[in-house]
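Undergrad: Before I ask anything, here is the structure I am working with.
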Amino acid sequence: MDRPAAAAAVAAAVAAAGCEGGGGPNPGPAGGRRPPRAAGGATAGSRQPSVETLDSPTGSHVEWCKQLIAATISSQISGSVTSENVSRDYKVFRRPDIRNIHKARQRLALRDGNKLAQMEEAPLFPGESIKAIVKDVMYICPFMGAVSGTLTVTDFKLYFKNVERDPHFILDVPLGVISRVEKIGAQSHGDNSCGIEIVCKDMRNLRLAYKQEEQSKLGIFENLNKHAFPLSNGQALFAFSYKEKFSINGWKVYDPVSEYKRQGLPNESWKISKINNNYEFCDTYPAVIVVPTSVKDDDLSKVAAFRAKGRVPVLSWIHPESQATITRCSQPLVGPNDKRCKEDEKYLQTIMDANAQSHKLIIFDARQNSVADTNKTKGGGYESESVYPNAELVFLEIHNIHVMRESLRKLKEIVYPSIDEARWLSNVDGTHWLEYIRMLLAGAVRIADKIESGKTSVVVHCSDGWDRTAQLTSLAMLMLDSYYRTIKGFEILIEKEWISFGHRFALRVGHGNDNHADADRSPIFLQFIDCVWQMTRQFPSAFEFNELFLITILDHLYSCLFGTFLCNCEQQRFKEDIYAKTVSLWSYINSQLDEFSNPFFVNYENHVLYPVASLSHLELWVNYYVRWNPRMRPQGSVLCIPVLGGSSRTPTQMLFAGSRTDEVHKVSCVPVLGPSSYKLFYLEVWGWGSPSPCFHIEVVERHVEIVSGLWCIDPDGPTVEAGAPLKKGEFAPPRHTFSL
């Protein structure tokens, strides 16, 4: 389709949808418009017309047409699409109010004769207010040159818009994602003599230029600094002002007692302790912890005195059959004089004795051996096998937070704004990012294997037990327990192993703090999510959530829109009244699960996943790290089919939704498949008929070759029209194991 034909199709689609007010294609969060606002952020006009939403047939049709238009245009001019619009097309930064865009207010603005103001103004969240509006600002885009438009600064976001382009150029950046703001010279842009460089935490940098008098009058730089770093300026984070209401309360997702009961706890060997009920025992641990039944509180206090930050070994997960456990803690305070603690030695022996299947305890120290020795000279240390006779100490040689921070800095340099195609692979290798991902996955696989195959209990720690420890325990639990591979289970995993057990989110991310050079900042949680994404690539049908789910979590790790990742520990969250004064990210996600669900998910319980922790099986997560570069994005689907209720599904999602049946070993209908769809369809549907469900992509490819030979089909050949439905027992490929 040439561009004139595409334009004609667009016009026809708009006419058919009954769209009012024009405004151009504008997919994603910025699609909404609001009427002009008076000083102080009050909405002009007193009339409040009814709001048309996607829950109505008209609203869903209009939204579908907008998506179709945007996708059609982007497919025609993909080489010149801006990086910001790329993020919107792929819903990379999801706006919770996207389904409540006020179309009625567009008509109100048009009737009031304020079309231009209506088109330029930023859509606002409930509780959000405008702090500055500056016209004739120039965004210096690294991909398409200088773009002139209107800049709006609110207490939540930076919003830049050019309404002269078609489609409209929109830059929508949450202030929480900003790492630092610096003044720069902009003499090369005529009258725009002032400039600002904005360095972001999500792999992009922004440059803006504007007139000197605008800076003097409105204080653009000062407003950005004030609201991007509220804690440094004596203000609260925007999450405390955000007033969106959702149908589901995400704060109720995780209940520690219920989660431990799901694991079969308490039992004769393990009890739920209330020793930390007031956070006096350990201020960085949750109020609810699980410890050995036979251990008295006095002995537990002595163990706490021998462990860094008082973080004693506590249970994270127990195997439902062997009773082998994963316990987590901090390093022992051995010191240079090899200090001992009999209560600590007895405590670890009790953990081992709770598992009757093994007479050994494996201690996984995440640190490098040399670093652990250095810590010993500073009062820390590790467990000596001569002092803990039934324990085996294993160093996983994972680098510290400072090395990881430097690795991410190097990665950012090679992915934004330009990419050296000739040296791409060597540049990625030079960052060592994938090597560190490999080390984390390899360590977690060793832990999971000791639990599952060795039936041996393990203790995991690093220095303080809140960074690498959380990475390893949560990844191992994800491999061992299929429940954590569901959407709700994964949310609980994050709440439990990361949030409640005191990962220092505020320090590692730097929420609202202008000290961008803080040595405590590090991409620890980002690495964990990257590891999860690597697992979804190797086991595509084993996870209920999709890639958008993971990216959304990372985006709101920085955004400060929700309270989920604020503060450093559970005690601080209660002190700041996070659970009452902010909204949970899970409220937003669980209110629209279809958006974040993997349509190919098959929930096989009690299957352990062992990902291949080899660089040859790992890849850079381009859809996250390089998403702001439009030249690196693949061409997307042009069509999105609307369904009742306002949601939309791609043809692939519709295909699989219609092919599933109540009986998991039977397929009710098989569509006509193209070469690329055939393998995928077999992977997700015909695989249900196998007596041994296989998740690994390479195993599935072998299955495809087998069934192709039996049916005399070339998987890469012409389309295939399948015959009668396949029932259980009619085809049974050879059994394969999960261990590769």
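Keep in mind that glycine also has a Cβ here, set from the backbone N, Cα and C atoms.
Below are the features listed in TrEMBL for this protein:
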| type | residues | note |
| --- | --- | --- |
| ACT_SITE | Cys462 | active site, phosphocysteine intermediate |
| BINDING | Asn375, Lys376, Thr377, Lys378, Asn400, Ile401, Cys462, Ser463, Asp464, Gly465, Trp466, Asp467, Arg468 | substrate binding site |
| COMPBIAS | 19-31 | compositional bias 'Gly residues' |
| COMPBIAS | 46-58 | compositional bias 'Polar residues' |
| DOMAIN | 250-625 | domain 'Myotubularin phosphatase' |
| DOMAIN | 431-478 | domain 'Tyrosine specific protein phosphatases' |
| REGION | 17-58 | region 'Disordered' |
Undergrad: For the substrate site as recorded (Asn375, Lys376, Thr377, Lys378, Asn400, Ile401, Cys462, Ser463, Asp464, Gly465, Trp466, Asp467, Arg468), determine the largest distance between any two Cα atoms, in Å, rounded to the nearest integer.
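TA: Looking at Asn375, Lys376, Thr377, Lys378, Asn400, Ile401, Cys462, Ser463, Asp464, Gly465, Trp466, Asp467, Arg468 as a set, their Cα atoms extend up to 21 Å apart.
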Undergrad: In sequence order, which residues at least six apart in the same chain have a CB under 8 Å from the CB of Thr377 (substrate binding site)?
TA: Pro336
Undergrad: Grab the pLDDT values for the domain 'Myotubularin phosphatase' (250-625) and give me their mean, rounded.
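TA: In the predicted model, the domain 'Myotubularin phosphatase' (250-625) has a mean pLDDT of 97.
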Undergrad: List every residue in the same chain as Asn400 (substrate binding site), at least 6 positions away in sequence, whose Cβ is under 8 Å from its Cβ.
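TA: Once residues fewer than 6 apart are set aside, Asn400 (substrate binding site) is near Arg367, Val371.
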Undergrad: What Cα-Cα separation, expressed in whole Å, is found between Cys462 (active site, phosphocysteine intermediate) and Arg468 (substrate binding site)?
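TA: Given the Cα positions, Cys462 (active site, phosphocysteine intermediate) is 6 Å from Arg468 (substrate binding site).
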